[in-house]
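Per TrEMBL, the features are as follows:
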type     : residues : note
TRANSMEM : 32-50    : transmembrane segment
TRANSMEM : 62-81    : transmembrane segment
TRANSMEM : 125-147  : transmembrane segment
TRANSMEM : 159-180  : transmembrane segment
TRANSMEM : 246-269  : transmembrane segment
TRANSMEM : 281-301  : transmembrane segment
TRANSMEM : 362-380  : transmembrane segment
Amino acid sequence: MKVENTVIFLHNLFGGPIAKDDHRLTPLQMCIYTTTVIGTSVAFFTLCLFDLHRMLYSRDLVLSVIDLLMLLGIATTVLAIQSSTVIKHLTKSRVSIFQCLDDIDAHLYTLNVGGEPTHNLSRNWLVAAVGAIVISLAYLLAIALRINQANTMIFAFKAYGMFVIFLMHGMFLVLCYQIWQRIRCMVVHLGKMIASFKRQNNRSNNSDKGNVSLRFCRDLQTLAIVQWQCFRACNRLNDECGLSNVSIFGMFFYVLTAKSFQLFYICSIEFKRHGFTFTHLLEPTVLIIAVFLYFFTSAYLGEMVLRETQLVINNLHKFESMHTTSQHKINQSELVEQLGNQIVHQPVCFNVINFFQIDLKFFHLVMASVATYLIILLQFDFQN
């Protein structure tokens, strides 16, 4: 838990306070602190604008426009992350995502799977923080040879913004992973119930069958509560990270499109004009790799949640197909049907303010859009 508190402290320091039930600040303190953080970011960005005129058209118009839009995208995303924190507390948010996960674990504990979802939780939080730090340092190293008096403030703001963005998105990925692990526990426990049900049918003692059937009914009721808690936790995560994710995924789309074109532009047109400059290739390469990894990871986690939910439904159908006509089996069949209807009407999925669902289909759509716009850009005759 010390690692988790450290990561949350880093986010509180740069992105605004996160409501954690055991360390909850008053709404006034949260608003004052987050407003101060926003004011600091705005002042930082304003200082960058004073140096912008000295570097904007210093080398090439196309590269200058790409850098300018990148700067504006980072500033917008950082402001969205910090503003969403203020909005979250002004709207008097209900129970936090952390409390939702604790409620799920409490019910999973009754199914003898307590502790499994939180396995390596500290390592996950550490990976999120280290990932943001590594990307920020890699970006600084990639532009180290290009830093001069005119662009020092701008590159410093970009590194600061990327740390805030990737730390926020890394925390989102950790929470997505935690929800996925809890749904996997449902799949595993249903598998155990199916195996126990097969062994029960081979027994001849009717009293033992009755006791086991009662335990199955209790487990199915608990699984229904766990599924509802997962649905609530997923909705809470979508609401809390919705505004920031809109800006983050928008910036991801721009980076994949513009920076890929920048690589082509530097390797072709710039090579003919000014000769090959290796230092100008490092920045877009680092950004493309980092954005692609984070974007694919979020799409993969969203897809795995959908697949695990489908496995729950498949196991429910398999469990129901084994029933006989006894009264205990009829009760179990009703509980199975209720749980299946609950999963269908309350699906667990990650989305961005219901604009789009985060899964591999969304990943394929974005990659196709990036390729389309990249082809359009490559068709322009920038030499003239």
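Each Cβ is built from the backbone N, Cα and C atoms, and glycine gets one as well.
Unlike curated records, TrEMBL annotations are generated automatically.
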Contact ranking winner - 62-81, 246-269, 362-380 against the transmembrane segment (159-180), Cβ under 8 Å: 62-81
Candidate ranges 32-50, 62-81, 125-147, 246-269, 362-380 - greatest C-beta contact count to the transmembrane segment (281-301) (under 8 angstroms): 246-269
